[in-house]
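As annotated by TrEMBL, domain 'Major facilitator superfamily (MFS) profile' applies to 206-379. The transmembrane segment annotation in TrEMBL covers 12-34, 40-58, 70-88, 94-115, 136-155, 161-179, 210-231, 237-260, 272-290, 296-319, 331-349, 355-375.
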Amino acid sequence: MSALPAGFVRLIAAMMAIHAVMAVARFTGIVWLLQQGHGAFWVGVLMALISLTPALLAGPAGAWADRYGLWRPLVGGAGLAALGVGAALLQPSLATLCAAALGSGAAIALAAVAVQREIALIARASSAHSQALYSWAAMGPALSNTLSPVLAGYVIEHMGFRPALALSFVLAPLAVWLLRHERHSPHPGQTTGSLLPAFDLLRNPSLRSLLLLNMVFAVSWDAHSFVVPVLGHERGYSASTIGLLLGSFALAVALVRLLIVRFAGRWSEAQSLRAALGICIAVLASYRWLPGVVGMAMGSFLLGLALGSVQPTLLAGLTRVTPHERHGQAFGLRMLFTNASSVLMPVSFGGAAALLGTAAPLWLMAACGLMVWPLTRER
């Protein structure tokens, strides 16, 4: 792809800013909870709350994106994020950090579905390969995941928790400012599909398989995000070291998505998914025994390569198997199933880690990966 479509860089930057609101608030909240002695269970609760509002809003978010386009969902999401993080900024506590988790999760739900739908429209209107466009778009969250933990860890160590939350807070209006000119209406003919029930899309077996695979990959990502801070805290690592471990994962995500941009279309959907799932299973099963910071960083990097490669493939697959006027609903269903599992699983992770050891969530997701392996076959 020689050049990106007009306005596409601003779209990526705005999604990066919205995602960074959540990523900085999540990391800050996790470190605060651990330093205050709240333990792994409350870390799981915080992560579950980040996924609760996307699970609740995913269906409506898809319909709203189909009906209203990009601008309204973006402004609504940024406003909810600012409210939640603002409460934690004024008075950091368990309750206000939970509010920040809910608000930033809502922002992800509303903005991500609208942005993904916008990319589908751009792909249809241009000659660009949709997988390459989704790879570029996924760079926003990937860069956010790379920079946010490292930067938040540095700010916490040198300035404290409130400055880290202030950093999260200012990113929400930044996203709105970046897309202040993108106030166009939905394309003609794009609103009728959103009036149909979203769940009738599940009659499509290819869509069901893609959604289930996406759910396993996404919860594996959550398992890594849960285990690394807890395991790092157990081993006595500082906040900045834990941030670097999470940053190595996110760096791999960013790098693999750049490679997908360069080599989009070279491998089939099934080949890409099978390779990613195999690496994911191997790393999840062995991560607990990786030695020291270097070993954990290498494991996180490999897992980031695997998990980072699948989102563009899955999003391109969803647009392929659903009618174009219902892309918003398809993306909403993806977010619904992903986040519904992410609401329950982090709490389960906390319980499993307390009963069976810190690495139990990783072993659980390795087993789930084996169970869904047959779904990676060619369609």
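Don't overthink the numbers, they just go from 1 along the chain as shown.
From the backbone N, Cα and C atoms, a Cβ is placed for every residue, glycine too.
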Exercise. Can you say which of 136-155, 161-179, 272-290, 296-319 has the most Cβ pairs under 8 Å with the transmembrane segment (94-115)?
Worked result: 161-179
Exercise. Which sequence positions outside the transmembrane segment (210-231), separated from its termini by at least 6 residues, show Cβ-Cβ distances below 8 Å to it?
Worked result: 26-27, 30-31, 34, 40, 43-44, 47, 51, 202, 242, 245-246, 249, 273, 276-277, 280, 284, 287-288, 296, 300, 303, 307, 310-311, 314, 317-318, 321, 333-334, 337-338, 341-342, 345-346, 349-350, 353, 358-359, 361-362, 364-365, 368-369, 372, 375-376
For this session: Can you tell me which of 40-58, 161-179, 272-290, 355-375 gets the most C-beta pairs within less than 8 Å of the transmembrane segment (70-88)?
Result: 161-179
For this session: Between the transmembrane segment (136-155) and the stretches 12-34, 237-260, 296-319, work out which stretch tops the count of Cβ pairs under 8 Å.
Result: 237-260
Seminar exercise, completed: Spatial neighbours of the transmembrane segment (296-319) not adjacent in sequence (6+ beyond its ends, CB under 8 Å) are 116, 119-120, 123, 130-132, 134-135, 138, 142, 206-207, 210, 213-214, 217, 220-221, 224, 228, 231-232, 244-246, 248-257, 260, 264, 269, 272-273, 275-277, 279-280, 283-284, 286-287, 290, 327, 330-331, 334
Exercise. By Cβ distance under 8 Å, which residues at least 6 away from the ends of the transmembrane segment (237-260) in the same chain are close to it?
Worked result: 27, 31, 131-132, 135-136, 138-139, 142-154, 156-157, 224-225, 228-229, 293, 296-298, 300-305, 307-309, 311-313
Seminar exercise, completed: Restricted to the domain 'Major facilitator superfamily (MFS) profile' (206-379), the mean pLDDT of the model is 82
